[in-house]
Every structure is written in structure tokens, then in C-alpha cells.
Amino acid sequence: MDNEKQASPPPAAPPLNWRYLLWIILLGIFLISWLGNAGRQAGDEITYTEFKQALHQGKIAKVTLEGQHISGTYHEAGGNIQPEGKDSKGFSTTRPPFDDPELMKLLEQKGVVVQAKSEEPSLWMQAIIGILPWFLILGLIFYVSYRMQQRMMGGGRGGPFGFGKAPVKRFREGSIGVTFEDVAGVENAKRDLREIVDYLKEPGQFKAVGAKIPKGILLVGRPGTGKTLLARAVAGEAGVPFYSISGSDFIEMFVGVGAARVRDMFKAAKEEAPSILFIDEIDSVGRARGTGLGGGHDEREQTLNQILGEMDGFAAHENVVVLAATNRPDVLDPALLRPGRFDRKVVLDLPDKKARQRVLEVHTKNVPLAADVDLERVARRTVGFSGADLANLVNEAALLTGRERKKEVDMDMFNLARDKIVLGAKRETILGEEEKKLVAYHESGHALTAWLLPEADPLHQVSIIPRGMALGVTEQAPEEERHSLSRAYLLDRLGVMLGGRISEKITFGDVTSGAESDLKQATQLARRMVCQWGMSDKIGAAAFSRSEEHVFLGRELSQPRDFSEQTAQIIDDEIRRILSEVERKTENLLQENRAKLDALAKALIEAETLNLVEVEKIFKNVKELPQEGHNEAVATGAG
């Protein structure tokens, strides 16, 4: 089920409707303007000249002087001086900016009632003008604070002062929708976690023999191995409240927010014990203290200290189990991993072939499959796939099926989806004839060495269709998972990596930049053989690691090298020696099988993609040239 549908977070404060507030402000401005003009007598607008004429004619009964503005009324017997001849009791006009000394004398002579008003606003108007700016400033501050809180709290949870509220998702009993039946391929992990489920269901059975519930369980595994799904399955099986939060949700821009959220989260879990509290990606707050760029007083360390304190503070009757997931257990603080905090560590490995088949069966429950679909074959071709990768494979196959307007997902769709994930999507890149020939020989070098070297992974297919960031690909499909790598296997693997560059060299007498990735991978592999795996006779059974950790991962700012400059020189010499020997042997191998190389490259230019059966058919029809003539051909090709 969807997390968003099942989660029941605390009710959020109703959002402010800023449109209504804007209309209120505009209405207030209108009222102020209207009240300011309300004291002025309404009437027809006339010119100052017309006003003077009416005054001389004795038609004006009363005037009100307010600055430059003049308003008044006519005698009842009089009329409004207008061309249309309409009667009007009142009028208004504006005096010119210069002084008119005759006006007051004329008003007195005609017996006009004169009333004067001050230009200064009234007392209540002055109060509004003085207070309104402060209201606007305070409103702006409140609005900015509210928006900041919305961003940090996911919608304003907790009110204006609710930064310390943990943005935790709460799943009710029975609403998880995930059980151990929905999690395949991690049987060992499920066996360890089933004890926790049994304890939460029947604690008395365990307490009778003096057993205590583990305070914390750390789920360790690569990304996509099902750590979060397994945690939800534990809550679904146990039937207890389940709280879920990400480690990054604790850290904000304000000091102390992380620790406050930890307290709030643990308080909520304790109130509904027995319950399960799940912290995803705990390495974001649980990294080793006193290291990295933050020093010993950053916000992350305060949050970690609060987590440690809360886990120590559980009482015996508080059946709260803390589940945490990480793919970087090496950067976690040792105090977090000691017994009494995270008592149990559950490791989730990549699934093997049988486990992959079970995972595929789970993810294809609601997918209509064609009769030719063999999930065991799909599992055999997906070595190294995690549970999330397999779910993505099924979804990609379904998407391709929908694009083709088919009603069932067949085996071809699974093959296309796998190629898209492993090799990359096809690119509409048109290569010139020379470049296409170059790429064909490069990939043929990889494919031929993979086919000839006895310890190399079996060849699956070779293609010169641009995919992803590569102009061509050679795919090897190991028959089974390798958990330990022999020296012979690694040397043959290096030979396959260098085969493309060597093929360019012996065919065109030059090398290109297309082997950049191959050289980088080969150098890294040779360095690990020498420095970490003791596969160099000159270095012997010793390990010399050169740290590649970054400061932000929680390691020291500087890690001293644990070997001398002389040893470093020997390491570099050994790496260079291994690569040179592999290059020489691979070059001799391709020279001896030059006819196969040429035939494969020619067929690849025509067909663009060849599978293993087609490659072997090409090789069976090739007769190798005599060694003397073959060397002459190589020399000619090299120029």
C-alpha cells in the first residue's frame, strides 16, 4: 500500500487564506479614503470662474472652506449655473494656487455664511495612520515565519511555534498492509526479526525465561535490498503502532530543533507502547562524533546525543523497539552500536538466484504474464540486482508492454527492460563509417578476449548501438554469484577490460580516448589487487589502504598514510607491472586470433548487435591465417 494513504500524521493547522487577508487590507484602504472624503459636502463640480460669477449674482447661500477646496449650497430660488439648466442644491470647486484677497470681502458683502475646516486629519485618522504601518510590518514578519515553518515542517505542522514537533508518520494497527509474505529473498533477516514480532505479540512467554526485548535493531544493507520494506513488515506482523521518520528530518537551521524532535518522537512512541519506531537513513544523524567539518558542537551531534540518551532511558515496561536502517554502518558512532542500544544487527545481502526468482514472483503478482515468460531465466540473467532493481525491471517491462499496445508482458519485454537498465537506453546517434569501424573493432576486442580467456565471465552479447554514455557495449553474464575472486579471474578480467584498446592498437596502429573508462576501471582493480588483496609477490601478504573517505561522511579531516614513500613507489611499480603483463598477453592473444577479430568486427558493422550464439557461429567459420602471414597482415595494418 501507499505510505501516504496509510500514514496518519498529526492534524495540521488550517492554512491561512492570504487572498482573504489581501481583500481585507484593500477594503480597509477604501474605507479610510471614503471616510476622509465623507466630511466634504457632495455637489456638482464647477469651475472657480463659475463660482465667482454665482457669488456676484448673489446665488450662493453658504460655503465651506477646507484648504484649497470650496464647497457650498445655492439659495433655493437660485439654480446651478450649468448649460443644461439642471437644478442643484450644492456645488464644489477648487481655488487657484495663488491668493485671492477679494474673495472674503465678496463673501461678506453678499451675506454668505462662511464655514472653515482644518486641513489636518481627525484624531482617529491620525491614530490609524500611526498604527497601520506597524501592523503591516508585524504581518510581514509573521508571514515570513509561517512560510519558513511550512517548508521545514511539511505544511505548518505544530502551529507557529511547532518547530520541535517531529514530522513523524504514524501508521495505525492493521493499516500497514505489508507482512513477511510480501518480503522475499531475505529469509535470514526475516528469521531474526520474527523473534521481535513474537515478543511484541506474547511478551509473557519471553519474560518467563528472563529474556528482554532488544532496544534497537540495525538493518544494514546496500540500497534497494528492502530495509524499509522489512521494517514495515515487522510492524504489519506485530500489529502495533508504527512510527516512521527519516534521519534528515531531525536537522534544521535552528539550534536545538533536532534534539527537541527526538524527545517528541520518543514521547509519542512511549505513550502507545508496545510500538515500533523506525529511523531510516540513520547515518545522517548517527555519524561518529568529534569528526568531520562540524567539530564537536554541531547540531547533528546534539541530536545524536539525545537519541543515545532516549535509548538509555527506556524502562523495563516500555516495549518500544527502535528499528534503524543504513547503508553506511562504517560511519556510525561506536556508542550507537554498543549492546543496550542497537543490540542486534541484521544484514541484508543482495539476493541470490533463488531469492531473485521469489522476488520476481512477488512483484509480478498483479502483472499479466505471457506463456513464454520464465522467471527462473530472468533471475539467472539478473546477477547483482537488488530487490528494488528487480521491482524496477518488472515495471519497465510493463511500461514497454503498454507502449507496444500489448495485453501481456512477454519474455522479449523483460529482455528489453533488462538491457535498458544494465546497458542504458538506446541513443539516436549516427556514427560515421570510420568511427563505426573503430567502435566495432574496440567492442570486438572486448568480446573476443571474453570468449578466449578461460576465467573470464561468459560473453552474452556485443553491440555497437550507442547506449547511455557509451558508443558500444560488450556484456558478460556470469553464470552464478561470485563471493570470492581468484587471482586468475581478476587477471582475465583485466584482460577483457584492456581488450578494446589493444584491438584498436593492433588494427589501426593508434589508440583513442574511447578506452578512458576501461583504463580507469583496470587501474582501480589492479590497485586493489596490490594494496588490499595481497596479490603481488613483491608486496606480499600485506594491506596498504589509501583512504578514499570524504570529510562530510564523518571521518577525520586528515588520515595519515600508513606506509612509506618507498612502499608507495613499489605499489605504483607493481600496478604498472600487472597492467603491462596483462596488456602484453592480451595483445599476443588477439594477434593469434586476428582472423576471428576481423570477422567479428565485420559482422558487427553489418548487424550492429550479436548474441553469444551468433558470435560462436562466426568463430566456427573462421580459419586462422598462418603465423607468418598473420604477422605481416598486422604490420601492414599498423602502418
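Each Cβ is built from the backbone N, Cα and C atoms, and glycine gets one as well.
Lifted from Swiss-Prot, the feature list:
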ACT_SITE  GLU443  active site
BINDING   GLY221, ARG222, PRO223, GLY224, THR225, GLY226, LYS227, THR228  ATP binding site
BINDING   HIS442, HIS446, ASP518  Zn(2+) binding site
TOPO_DOM  1-15  topological domain 'Cytoplasmic'
TOPO_DOM  37-123  topological domain 'Periplasmic'
TOPO_DOM  145-639  topological domain 'Cytoplasmic'
TRANSMEM  16-36  transmembrane segment
TRANSMEM  124-144  transmembrane segment
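Taking the mean position of the Cβ atoms of GLY221, ARG222, PRO223, GLY224, THR225, GLY226, LYS227, THR228 as the ATP site, the remaining same-chain residues with a Cβ inside 8 Å of that point are LEU219, ALA325, ASN327, LEU348, SER386, GLY387, ALA388.
In the three-state DSSP scheme, GLU443 (active site) falls into the helix class. On the backbone, the CA of GLU443 (active site) and the CA of ASP518 (Zn(2+) binding site) stand 12 Å apart. ARG222 (ATP binding site) and ASP518 (Zn(2+) binding site) are 25 Å apart (CA-CA, integer value).
For the Zn(2+) site, the Cβ centre of HIS442, HIS446, ASP518 serves as reference, and the other residues of the chain with Cβ at most 8 Å from it are GLU443, GLY445, THR474, MET497, LEU498, GLY499, GLY500, ARG501, SER503, GLY514, ALA515. When the Cα atoms are compared, THR225 (ATP binding site) and HIS446 (Zn(2+) binding site) turn out to be 31 Å apart.
Here the topological domain 'Cytoplasmic' (145-639) returns a mean pLDDT of 80 for the predicted model. Ranked by Cβ neighbours within 10 A across all protein chains shown, the recorded positions GLU443, ASP518 are led by GLU443. Listed in sequence order, the residues of the same chain lying 6 or more apart from PRO223 (ATP binding site) and placing their CB within less than 8 Å of its CB are ASN327, SER386, ALA388. Residue density at THR225 (ATP binding site): 25 other Cβ atoms are found within 10 A of its Cβ, drawing on all protein chains shown. In this structure, LYS227 (ATP binding site) is part of a helix by DSSP. The sparsest Cβ neighbourhood within 10 Å, among the listed binding-site residues (GLY221, GLY224, GLY226), is found at GLY224. The CA atom of HIS446 (Zn(2+) binding site) is located 29 Å away from the CA atom of ARG222 (ATP binding site). Using a 10 Å radius centred on the Cβ of HIS442 (Zn(2+) binding site) and all shown protein chains, the other Cβ atoms total 28. The Cα of HIS442 (Zn(2+) binding site) lies closest to that of GLY224, out of the binding-site residues GLY221, GLY224, GLY226, LYS227, THR228.
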